[in-house]
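Step one of this worksheet: look at the structure below.
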Amino acid sequence: MQRKLRQWRDEPYMMYFFLGLQILLFLVMTLFGGSQNSNVLVFFGAKVNILIQQGQWWRLIMPIFLHSGLMHIAVNSVTLYFIGMQIESLFGHWRFTLIYLLSGIVGNIASFVFNMGISVGASTALFGLFGAFFMLVEAFRQNTAIRAMGQQFALFIVLNLAFDLFNPGIDLAGHVGGLLGGFLVANIVGVPRIRSVSVLRRIITLIILVLASGIFLYMGFTN
């Protein structure tokens, strides 16, 4: 019994939960008229700036779980599976959950300020996981295994951002916001399975995250 409990604790069950949730919502949207139908996207909670300004704050959260089109959901699901599995194993379940959700929200706040269009997708949260990798490399650069892991993903992240620059349909602001959000949140929650982050570093990072989020929200609501 204890062995089974240990195996369950080691499973990336939060990654599976988020993966299942986004696939479920994609299927439901398909039944309601299609995931590429703008009316369906708005109904299910897509980021729409004017509606957020009217008080529909959940539109900064729901886009994390919504996708437009089969390719969109497929690419993000595969990315979440492989990257999420590693991040959850390194940070633990609740820290992974905070990184994923908060970086997704930060990315959507950035999109709220700099992108006037409708926006959906887990990419803001996925870039937050990339940001968590950057935090690992920056904070624990003496660890050769972490450094090698970070180098493997650095090229992938750079290529994704470069693709964003040359694709007008991509929410670059959301991706960059998620990347920075993930880096900051990872510093706040720390990585106990490797080595703890200093209290001072956590406090400073928390202040930066709160101030930056507040400033960007103010900009979004007064834009």
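Glycine too: its Cβ is placed from the backbone N, Cα and C atoms.
Unlike curated entries, TrEMBL annotations are predicted automatically.
Positions annotated as transmembrane segment by TrEMBL: 12-32, 64-84, 96-114, 120-137, 149-166, 172-191, 203-221. Annotated domain 'Peptidase S54 rhomboid' per TrEMBL: 54-189, in sequence order.
Under DSSP, residues within the domain 'Peptidase S54 rhomboid' (54-189) fall into helix, strand and coil as 109 helix, 1 strand, 26 coil. Across the domain 'Peptidase S54 rhomboid' (54-189), mean pLDDT in this model comes to 88.
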